[in-house]
Every structure is written in structure tokens, then in C-alpha cells.
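Engineer: Just passing along the structure, written as C-alpha cells.
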Amino acid sequence: MIWKQPPRRMGEMGGSLSRRFGNAAASWAVWRVSRSCFSLLFFFYFFLFFSSSSLLPTTNNYQHLQLHSLIPTLNTTAHLPHQQASSASMKASLFLACSALGLALATPTQDAPETVNNPLGIVYQAKLPETSRTGIRGTINATAHSSGRGVVFNLDLWGFDNTEGPFRKLHTCFDQTNKQTNKIVKLTTTTAYHIHVDPVPTDGSCGPTKDHLDPFGRGQTPPCDDSLPQTCEPGDLSGKFGRLTTSSMEEHFNQTFHDLYTSTRPGLGTFFGNRSIVIHHRNSTRLTCANFTLVEQPGTSTTYVPRPTGTGIISSIFPTGTGAISTSGHAPTISATYTPTPTPSPPAQNNGAGRLVGFSLGAIMAALVPLAL
């Protein structure tokens, strides 16, 4: 007797096999597409790394740092075994979509240009006020370098040996007779200070000063690399020249430095004459702050400086040469020799093409996500 399978059961078995082989084929196809997209995006990033600045004017050191962190991830996940094709394809598509959209939506940034033609003889000063929040007092003076290239800052701060605060701590001790004594212990810590965007209001609160002076959209992460100061926020002075450190503090803390990326010329985004400086606690809260005011101007009386406008991009003559800064006393003595050399204007910082490519990649990669699910 020949056994015959009912047509209904045969249909179910055929459908099951069809679904099994169909899903396997679909997984294989999605895996191949995802791997191809990995390769495409890898070569796109490779092109960003090695293209000349004339082709990609917005590809600067800061963007290279961000893109470089993505390459190891791409290289590792692009060679998964075939057995993991289904889950890998989904993760790959999601990662590619997010990374491409993140690249597209990122705020356009550029390295800060050196400031030139800063007016000579003008001095801006920020004087830290008397406040119950901290005993830190002092002044920060700023004037253009004698070459007109950048700004020389001179810090004279004191009050770090107050009873309580970020640099000292009050310890209660007991001697052999059980007599209580108080001892001030010096803490090993560092404190940041920055130029902030807005001035301090009349009530003296440091909160409304907003964020650091950052006209080029760099942001606070990753942290400033002092070996590449042009990639830092122009207002991040402690990031570029070092924090206030207790190990070097006695009665006064004095420091003089030449910053090439801030300006005393009104109208530029890097102008700080109507902004503020903020000193932070070691836990990043704002300890004290003060406004910069014009205290010296050659040949004229002190006048109000209007709020700056513009992008801070400089197109002018860039002097070359060396300068020497002396830190004797509270007023810096600066000498410099330089020869102005005309150079071409920097290229226009237009990120439209890069953002268009990013959005296109993001759309393509996002379309792969439903295939992987």
C-alpha cells in the first residue's frame, strides 16, 4: 500500500521550506549589502582624511580627531562571520545610519585663525569682585601684542589661602591634652578659567555669562589640546595655557602669556572687550567672575564698546616673526620683530557640500534598517 501525504500537509511543508530558504537568502543579501556599505563609508572617511584642504576646506584637525575614532569600529565589524549575518546586518545598518546622520548634523567647525591688526595701546581689564563665594581676588589685564598679532594676558590673582575653598581645607585636630586646634591644609588641585560669551549682570551672578567664547562652534569635547591651540575654543585660556595650580601658589599667582586667537578689535567674534572671565571650582561650578572693561586707550578717554558682530574670520596680512614676553612685575614687557608678509585670504568656510553628502549617506543607511529587522 502506497502512503500518500494529504495535500494540505504537503502545502504546509512546502511553505515552511520556502520560508526557511527565503529567509536565509534574504539574510545573505542584506549581509552583502551591509558589508558593501561598510566599505563605501570606510572609503568615504578615507577620502576625507587624505583629500587636500582645497577640496575639503572644512576638514580640519578637530574633525580628523572625530573621524579617526570611527575607523577601528568600521574595520572590525565589517568582517563578521557568515553565521552572524542576520544580527550583524541589523547592527551594521543602524550604526551606519547613526554615524552618517551624526556627521551630517554636526555643527560646522573650523580651526581658529590667528588675529592680526589688533589696535595697540588699548588695555582691557577684568577685576574680580569681593564676594562671599570665595576669597579669590585679582585682576586680569589684556592688551594687543606689539606686533598687533594676538593678545598678551597678564594675571595677578590672590586669596587662594582662604580658610575654606577649592585650594585650602580646614582640618580640626586634637593634641595630646585633647585640646582642639584648627589647621589649614593645602589641597593639590587645579582650577580652570575661561572667557565667557556674555557679561556679568548687575547682581554679580556668574550663571548668565553663558558658555565659553566659541565663535567657531568647536564645543568643549574633546578637551582642548594645548599643543594645537588653534583647535581649542578661543575663550578656553586655561586649556591653552594651563590651569591655576596650587603647587605654584604662594601669596599671588602671576602668569603672562601671548594668545594668538583672541582679539581686542571690536566687531570680531573673538573680541572679548565686552565679555567676562569666569574662574571655576575644581568641580566645575563657577566661583567668581568679572567683566572686561576698557581702562586705557591712547589719546582718548574710555568709551563704551558695542557688542561684537561677525564671524571672527580674518582675511588680512599675517605677520611673521618672533616675540619675547617678560613676566617681571605686574606689567609685561614685550619685544618683537616681524616682517609683514602678504598671504592669500583663507578659503571660505562653506560646509554645504559636506552636509549634503552626510544627509545622503544617512538616508541610504537608514533605508537599510527595515531590511535587517
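Each Cβ is built from the backbone N, Cα and C atoms, and glycine gets one as well.
Swiss-Prot feature annotations, pasted as is:
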{"type": "SIGNAL", "residues": "1-55", "note": "signal peptide"}
{"type": "CARBOHYD", "residues": "Asn75", "note": "N-linked glycosylation site"}
{"type": "CARBOHYD", "residues": "Asn141", "note": "N-linked glycosylation site"}
{"type": "BINDING", "residues": "His194, His196, His212, His280", "note": "Cu cation binding site"}
{"type": "DISULFID", "residues": "Cys206-Cys289", "note": "disulfide bond"}
{"type": "CARBOHYD", "residues": "Asn254", "note": "N-linked glycosylation site"}
{"type": "CARBOHYD", "residues": "Asn274", "note": "N-linked glycosylation site"}
{"type": "CARBOHYD", "residues": "Asn283", "note": "N-linked glycosylation site"}
{"type": "CARBOHYD", "residues": "Asn291", "note": "N-linked glycosylation site"}
{"type": "REGION", "residues": "329-348", "note": "region 'Disordered'"}
{"type": "COMPBIAS", "residues": "331-340", "note": "compositional bias 'Low complexity'"}
{"type": "LIPID", "residues": "Gly352", "note": "GPI-anchor amidated glycine"}
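Describe each of these features in terms of where it is and what it packs against.
Structural biologist: Asn141 (N-linked glycosylation site): 21 other CB atoms within 10 A of its CB, across all protein chains.
Following the DSSP three-state reduction, the secondary structure of His212 (Cu cation binding site) is strand. The Cβ of His212 (Cu cation binding site) lies under 8 Å from the Cβ of His194, Ile195, His196, Val197, Gln220, Glu233, Gly235, Asp236, each of these being in the same chain and 6 or more residues away along the sequence.
Annotation for Cys289 (disulfide bond): spatial neighbours Leu128, His196, Val200, Gly204, Cys206, Thr209, Ser276, Ile277, Val278, Ile279, criterion Cβ-Cβ under 8 Å with sequence separation of six or more. Under the three-state DSSP scheme, Cys289 (disulfide bond) falls in the strand class.
In the three-state DSSP classification, Asn254 (N-linked glycosylation site) falls within a strand.
Other Cβ atoms within 10 Å of the Cβ of Asn274 (N-linked glycosylation site), summed over all protein chains shown, number 18.
There are 7 other CB atoms within 10 A of the CB of Asn283 (N-linked glycosylation site), with all protein chains counted.
The number of other Cβ atoms within 10 Å of the Cβ belonging to Asn291 (N-linked glycosylation site), over all protein chains shown, comes to 20.
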Engineer: Asn291 (N-linked glycosylation site) to Asn274 (N-linked glycosylation site): how many Å between their Cα atoms?
Structural biologist: 7
Engineer: Relative to the mean position of the Cβ atoms of His194, His196, His212, His280, the recorded Cu cation site, which additional same-chain residues have Cβ within 8 Å?
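Structural biologist: These residues sit around the Cu cation site: Ala192, Tyr193, Ile195, Thr209, Asp211, Leu213, Gly235, Asp236, Ile277, Val278.
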Engineer: Counting distance between Cα atoms, which of the recorded positions Asn141, His280, Asn283 is nearest Asn254 (N-linked glycosylation site)?
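Structural biologist: Out of the listed candidates, the nearest Cα belongs to Asn141.
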Engineer: Could you tell me which of these binding-site residues, His194, His196, His280, has the fewest other Cβ atoms within 10 Å of its Cβ?
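Structural biologist: Among the binding-site residues His194, His196, His280, the sparsest Cβ neighbourhood within 10 Å belongs to His280.
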Engineer: For the recorded positions Cys206, Asn254, which one has its C-beta crowded by the most other C-beta atoms within 10 angstroms?
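Structural biologist: In terms of Cβ crowding, the pick is Cys206.
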